[in-house]
Ligand code: GLC
């Protein structure tokens, strides 16, 4: 293709720059206080200001018609009743809640949002809100020299997006994901600003193609859309954790995943027959490599017709699923949205007859080319269609399947635009809109249909859904994998900031294809990538047709041994990780966190893209280059212990760390806890014994909430779960551990051991005030029975 050559930058190729010519919205004409805020009549329409909570305020303006308070399906929150003061002065209007102050300058309209201490969070200066005659809307804000920007969902590049310009338009990108590759599959029009250690958030609830520009202007940024209203929320923070809590109060949090979904997953495009799948499962079992899930990619279907099996390749799917489940392995099939155009195919017939497919306004069904050839696309904006699609999953649940993999749901179409005709109309519950407006919602709404359908049919069991595309709020239904990466070291590096920013965008359950999807992987890369995968929230090895196999044993024994060790470590860490997932469910806090999230006052963490935290006390600093056995590691405030050697490292410093191929550098903060279970083949095996590791060091207030429930049902919603809140005080050779049980659930484990690391002399340990004596002492470790 000529576009792939230098022809792309031929002088005659210069794309026409769109006439942006934004109009300012003018001045205030009238002010009116409302129950939750105010309506400010401007020269360009009504600006509505609504307090959702004292710490969350929404701004809405439609310059082209009536301003509506209707929201996108990203939103699950309704405004609470908030106490606030309103003052209408000559030059400005003030609205003040306990946490936020909104100042509206009257002529021209300029907004400033400040926190309770008067610190400005967001300010419009020379430029404010605008619109143009192509129905585009835009908001300009000041940018402080100290500002750093995070979130934006699934983006390439480094952690901090200052200096970047990003677009939200769900796109299937098989071409290599480069720093300049934008957009990708997800649209999360949200970000967090960190300024001098304090954070605030902004969510732009607009489903059109949106742009976030932190590049064009030196001291300002903007966000805008190709249509729709100006509609955004400001969240006050001030801690990064608070922003996540606030953002996920608006858009929802993850359900607690089934425990099996946080085990190790094996995939390939494709395991092509029942025989191959059985052999694969047996190899894992024979080699004793833990495994919870095997994926069926598109070859399981009859000519890629969803809700079918190719009976020649998969003659007895129910038997296969149940035989594997007996061994603790689940099967997850892929389900794409495209339904093959075939008048003899039941799903197509039902879709046409029920009016379930997306159509042109004139009534013709839209057909696009995907894996099955010409295909129709369910209109997931309609609850009727979602119900139909959800119920179709009976086909899978009847076979014993509990998880589904949604792919190509941007939706991807094999054509120049890569997606559906923008003129296609979506029903949208009686409020029809074009695909141009609702494109970014397709994956989210397919997720809603699939998750809800599976949940209904699984009668109390937790479904697991994996999705490629999504919009803000997708975390309510699905885990996200980051699409078609490649077996490049650069893609391993890139996956860290990408998954961290997904976590900061309310999506804590995410991960890349471990080993890389396209291109040929190799032993060293797969080993280093699996080490990282063991600590990333979603852990799946997946690779593409036509490239090297990359199951754990594919590159010989040397690598297999290390890969196995790290998959085992994942299983050992499950009680700890599962507790972090429960925390994400409770508060939106991500499982995998950038260091800035825990150390927002430490400027060394702001752009740290090659290290991450698991929870609040574990730092992982992987090796992500070939042939390298050393790297610089930054450790923030506190003292840190090398997980493997027990060696101590000082915080607020960079260190040169050695890590041979079998070592993933992991550091635990002194004075904190890690809880581990036993080595096991699958998550189905219960922990008889639990080990609480305490890394001795001065601390007065560390706490970890160990969470346990049955791991498979929704009974936790009715209180059948146990949270053991463990508070630690370590000082002067003394450890005081207080354990408070909350909730009712009989845990799996029969014994719990406390191992204290990092003390050579005697130590006095009390648990809930009772002094304990050690049952074992070796090297620098004391073991106690709890
Ligand atoms: C897409 C997916 C990939 C999958 C393939 C075949 O490329 O991103 O994961 O294996 O389609 O279904």
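One-based numbering along the chain as shown.
Keep in mind that glycine also has a Cβ here, set from the backbone N, Cα and C atoms.
According to TrEMBL:
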DOMAIN    47-213  domain 'Glycoside hydrolase family 31 N-terminal'
DOMAIN    255-580  domain 'Glycoside hydrolase family 31 TIM barrel'
DOMAIN    588-673  domain 'Glycosyl hydrolase family 31 C-terminal'
DOMAIN    690-759  domain 'DUF5110'
Leading stretch by Cβ pairs under 8 Å, where the reference is the domain 'Glycoside hydrolase family 31 TIM barrel' (255-580) and the options are 47-213, 588-673, 690-759: 47-213
Residue distribution over DSSP helix, strand and coil in the domain 'Glycosyl hydrolase family 31 C-terminal' (588-673): 7 helix, 33 strand, 46 coil
Predicted model, mean pLDDT over the domain 'Glycosyl hydrolase family 31 C-terminal' (588-673): 98
Residue distribution over DSSP helix, strand and coil in the domain 'DUF5110' (690-759): 4 helix, 43 strand, 23 coil
